[in-house]
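Pulled from TrEMBL:
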DOMAIN    60-207  domain 'Alpha/beta hydrolase fold-3'
ACT_SITE  138  active site
DOMAIN    251-325  domain 'Alpha/beta hydrolase fold-3'
ACT_SITE  292  active site
ACT_SITE  322  active site
């Protein structure tokens, strides 16, 4: 496996990508206690406001983005500090194992294990059991949705108060939804890269990427079964005005399906969870960006949640692109809409 990766230059590509994204070490924060710990053997960083509090605080589990391949505690240090300070909450940032070295379900299991550990030790961190929230952006939004679904029916843990999904990737059935067509070449996430990351997470390699992009990896009967949830018909018309064409379905290739059939598991693609699970989910916040291939994943999940009676707060950045939240203040650049997006998350948290 490693050899194939090395041959294609993938290893060096990923190592370089991780280096570029590693984030700068920040100094002490006058308003926060910050410590690195392990929850169930999973490395985490805990941010606790120093100010005294009238009662127990909100607790937020944060899963970072980066296509399941990139990202670290350091990369999201600024975002987590901001969330903790501005919403006066305890934030636990989770360093889950990354692909391609660690394939699905490693990242999901790490996030679930860290969450369960936190839920069992809330009083140690001064956290209110009735106000624990899972939160993540991009691949982290995928992990937050999966963890939230897993815990939805459980009575042995405190119920999650909410889930916050920031431009989440939630399915790998259809890479030709309107937002994939419209934003195929928009940075920071190209259409090809979205399929590439999903395959690295699933299999540790990106073989069959072309077939997956074309849609020949899903059998017709499953396509039909999931059409009620994953279909351009469920996207509001106003999102289709920027050039979208109906595509002719490609022929199904059985041996490709054999290698990717776990794409139909809700822990990997939360949009495919059954209604019986979805209707038990906590109150939800979904942020989408207009110029983002993953926009429609968020819109489709919003519809599923609403159809199942779950309360949804939706925030759409008309001028936003994928990854903008982590750029709200980045090496001297600042994107006002990234700050607006982050503040919409903070405002939602303060309402809980």
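Here the Cβ of each residue, glycine as well, is placed from N, Cα and C on the backbone.
Neighbour density around each Cβ, counted as other Cβ atoms within 10 Å, peaks among the active-site residues 138, 292, 322 at 138. With DSSP states grouped into helix (H, G, I), strand (E, B) and coil, the domain 'Alpha/beta hydrolase fold-3' (60-207) comes out at 62 helix, 25 strand, 61 coil. Confidence in the domain 'Alpha/beta hydrolase fold-3' (60-207), given as mean pLDDT, stands at 97. With respect to their backbone Cα atoms, residue 138 (active site) and residue 292 (active site) stand 11 Å from each other.
DSSP places the residues of the domain 'Alpha/beta hydrolase fold-3' (251-325) in helix, strand and coil in these numbers: 33 helix, 19 strand, 23 coil. If you measure from the Cα atom of residue 322 (active site) to that of residue 292 (active site), you get 5 Å.
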